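Asker: What follows is a structure written as structure tokens; I'll ask about it next.
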Ligand SMILES: Nc1ncnc2c1ncn2[C@@H]1O[C@H](COP(=O)(O)OP(=O)(O)O)[C@@H](O)[C@H]1O
Ligand SMILES: [Mg+2]
């Protein structure tokens, strides 16, 4: 996959296409819009239809399998017909990189907005989150789980519309944070606990968790869990209690705190049941006057501090997954131990009782 000598045939080089390249004989790359971990997004000109498009190139994903998967994903994403979902037009492969062609959306991402101007007003942050809920609801109804809802994938158009990009793309090859076998390799700041655990079972509620992390960032300027060590962040998603947003920034209503913390529940069953339910809860939270905080479920805090783990573990994704598995099996072992201890105590209590009765009968 790594670059070798460039060959004259544009379709047979291992060079990543760049400005001036024409993909699929049709999409002329004009300028780089942005770069993620394993991908680049270019503003391009569609020669066929004479309109601007955004072309996402996935590095290291040009194998036939990857391209086939990319086409499947693009097809699934193309089936979502919603103004809040970026329209996917086409998918292909060029120079060892699979690419997706989507409509070009003008504006800043939520990440850029927060970087430049700091946290959003509470009302604006909630408006954006509710719009993302609407888009996610349409995707989930079409059977597509986004899997990579981050502030970088939420575009705020100048007219106020909110558009979510990169639908389904996170599942591709080594594209966006995961290796082919599913190991986490990218930023886990917005990753749902079940994604860190890699159980394979994933539904729309993972996207709701990630959206709650995005709203947390929009409101406070930082995601719920921050640590330079990605492993520590994954562990925090799995075990740590997130801070109350209102402790990080004044003016956040307790009801909104409560909705956020509920949506950040480790167990998907304790989150709002779907995107529409989350949207309704968010609207209610800012519509109602601030009231004493609703009792929120206390999330279990991890007993073993991830910061004390071997930082080298974070560099290997296998190490990461196996260490998470160890922690989980430690947890189930200690549950087993607790159950065993309870049984022993019960038997002891029964013996003492029998002894007492026997003594009483004998004495009596
Ligand atoms: N459809 C689109 N239209 C316009 N700009 C886009 C589009 N999709 C992505 N971008 C821009 O390209 C940047 C890089 O995208 P991406 O590679 O997905 O990385 P990330 O999501 O981590 O920011 C985004 O942050 C955004 O600025
Ligand atoms: Mg993106």
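Cβ atoms here come from the backbone N, Cα and C positions, even for glycine.
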Asker: If TrEMBL is the reference, give me the range from 1-21, 22-42 marked as region 'Disordered'.
Answerer: 1-21
Asker: Let me check the 10 A CB neighbour count of residue 56 (ATP binding site). How many other CB atoms are there?
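Answerer: Step by step: centre on the Cβ of residue 56 (ATP binding site), count other Cβ atoms within 10 Å, giving 26.
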